[in-house]
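Visitor: Structure provided below as structure tokens; questions to follow.
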Amino acid sequence: MRTIRLDIEYDGTDFAGWQRQSGTIPTVQGTIEKLLSQITQEEVLLNGAGRTDKGVHARQQVASCALHSSMELSRLAHSLNCLLPPTIRICNAVHVTDDFHARFSATERTYRYFVSETPSALCNRFTGCANALLDVGVMQQMAAMVVGEHDFTAFSREERDSPAKRCKVTSCRWHRLHGMVVLQISANRFLRSMVRYLVHAMLQGGKGRLAPTLFQDMVESGTSSYRMVAAPASGLFLWRIGY
């Protein structure tokens, strides 16, 4: 038995998220597990570093699993890529120590969110659209308020009585890149849909519809009387996993 690490990228548009689901609902984890089991002739269960939601993409998702198969890993990755749909790629497959766990060994997760200010037929699978010119200076001011350890319940789909509400954000900043407005945010962990709720709130600030002071109150208190909405999944990428 050996422990394997897979580095994976995917276009999440046509998948119901990372995590396997019952029945025939297509998920990234379920698709890879099925093919891995087919190739190795053994039941394979993957552990992912991040549980991306329906429609969310990954530049670097990391998964780990235990395998009895002694197949050369370069051959295993090649076989997987030959069978996987073109929207999922195995970028790397390596042997790791038995105590490695893709989720629990991770110390930092980084997401990027890409925003176009005007609609684009070519980019709509991979961006959210603001339909407005944005004040990135205001959005950057709001992003700085997120850094640190906070209760992010107001920016998530977690139940209010969930015991694990606090996340430590190590960096959060907006910048312009190739005609897009891009958020990059890193933290030790994220609540469900947390990045998308934060993005929507900061976009509202960039449009002059949400005062930064109110946003700061929401971050510091963990509560909100403001109607929270999640930004579209299409613009969000799991960008990097740190170990």
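A Cβ is built for glycine as well, from the same backbone N, Cα and C atoms used for every other residue.
So Swiss-Prot says this about it:
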{"type": "ACT_SITE", "residues": "ASP53", "note": "active site, nucleophile"}
{"type": "BINDING", "residues": "TYR111", "note": "substrate binding site"}
Visitor: Taking the recorded positions one at a time (ASP53, TYR111), which has its Cβ surrounded by the most other Cβ atoms within 10 Å?
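Guide: Neighbour-count leader: TYR111.
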Visitor: Need the DSSP three-state call for TYR111 (substrate binding site) to compare against my parser.
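Guide: Once the DSSP labels are grouped into three classes, TYR111 (substrate binding site) ends up as strand.
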Visitor: Can you check what DSSP calls the residue listed as 'active site, nucleophile', collapsed to helix, strand or coil?
Guide: coil
Visitor: Would you kindly give the Cα-Cα distance separating TYR111 (substrate binding site) and the residue listed as 'active site, nucleophile', rounded to the nearest Å?
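Guide: So the Cα of TYR111 (substrate binding site) lies 13 Å away from that of the residue listed as 'active site, nucleophile'.
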